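The structure appears right after this line, and notes come after that.
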Amino acid sequence: MNSLSLELNKEQEVLIISDVENSESIINQVKELSKTVTTSLSKEQQQIQNNFDHVIIISSKPFNSALISMYSNLLKKGGKLSIYQTNENETLVNSGMDFLIGGLVDFKATSNSTYKTIVHADKPSWDTNESSTINIPSTSSNNPWASIEGGDRINENDLVSENDKTSKPATTLDDCEVGKTKKACKNCTCGRAEEENQSKPKLTKEMIENPGVGSSCGNCSLGDAFRCGGCPYRGLPTFKVGEKIQLPDDFLVDDI
């Protein structure tokens, strides 16, 4: 048993399957340390679930991973599957995910002088379909708004002072308090007085005969969308610089 390094007791039922020659001594040692030992399975026994505390596989052939689920079903809750192979088997060593999918956890791979590949995996002591009751302590259903509703309410009228009531809206300050017509006040400091004092250019006959010549912005001929606010050509159609502006016959006719 030293080569297997297993911990068995007289209360355990063990299944041991071996294709290695001269394994009778190992089987006899397992019988001495366990309650019962089974060395082969019939088809009917393969369908029995939760039957063994320990399943031991000793083989010189590559392990068939398709049998993992069958061995897992044969194990009782908390049981162990141990695989001993006389040859190195990297595929088995790296198949931890296959064992997990098959229902086994705590996958471990080792080796010793006798067995080049040793794998152990456990069946959980809990069932994947088990459910348990969780006792959640009851909480008091206090009204979360009670502390707010019970407090003193603020009168919204107290938030407005007398100065706030008599002050004029900011929208009336744009015309310097001279009425709806926007004119510069006597002591204007916003720049409106200077704007009103500027002489706006007027359209002359020369400008119509020879339009756009000497334009400072160069956009006069492009139409109102590109003309300055004080452009004398505003309202006139587009034209070519230096060519007389030709007004259509219905230019001064109201559209309505």
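Cβ atoms here come from the backbone N, Cα and C positions, even for glycine.
Here Swiss-Prot flags Cys217, Cys220, Cys228, Cys231 as [4Fe-4S] cluster binding site. Sequence-distant neighbours of Cys217 ([4Fe-4S] cluster binding site) (same chain, 6+ residues apart, CB-CB distance under 8 A): Arg227, Cys228, Cys231.
Residues or ranges marked as compositional bias 'Low complexity' by Swiss-Prot: 131-144.
Helix first, then strand, then coil: DSSP counts for the region 'N-terminal SAM-like domain' (1-136) stand at 34 helix, 40 strand, 62 coil. The region 'N-terminal SAM-like domain' annotation in Swiss-Prot covers 1-136.
According to Swiss-Prot, the region 'Disordered' annotation covers 126-148.
Residues annotated as region 'Linker' in Swiss-Prot, with sequence analysis given as evidence: 137-166. Predicted-model confidence for the region 'Linker' (137-166) is 71, expressed as mean pLDDT.
Annotation source Swiss-Prot lists region 'Fe-S binding site A' at 176-190, citing sequence analysis.
Swiss-Prot lists 217-231 with the feature region 'Fe-S binding site B'.
As annotated by Swiss-Prot, motif 'Cx2C motif 1' applies to 217-220, with the evidence given as sequence analysis.
According to Swiss-Prot, the feature motif 'Cx2C motif 2' maps to 228-231, an assignment based on sequence analysis.
Compute the center of the Cβ atoms of Cys217, Cys220, Cys228, Cys231, which mark the site for [4Fe-4S] cluster; besides them, the chain residues with Cβ within 8 Å of that center are Ser215, Ser216, Asn219, Phe226, Arg227, Gly230, Tyr233. Residue counts for the motif 'Cx2C motif 1' (217-220) under DSSP, split into helix (H, G, I), strand (E, B) and coil, are 1 helix, 0 strand, 3 coil. Annotation note: Cys228 ([4Fe-4S] cluster binding site) sits in a coil segment as assigned by DSSP. Around the Cβ of Cys220 ([4Fe-4S] cluster binding site), the number of neighbouring Cβ atoms within 10 Å comes to 24. All chains included, 19 other C-beta atoms sit within 10 angstroms of the C-beta of Cys231 ([4Fe-4S] cluster binding site).
Of all Cβ atoms in the shown protein chains, 14 besides its own fall within 10 Å of the Cβ of Cys228 ([4Fe-4S] cluster binding site).
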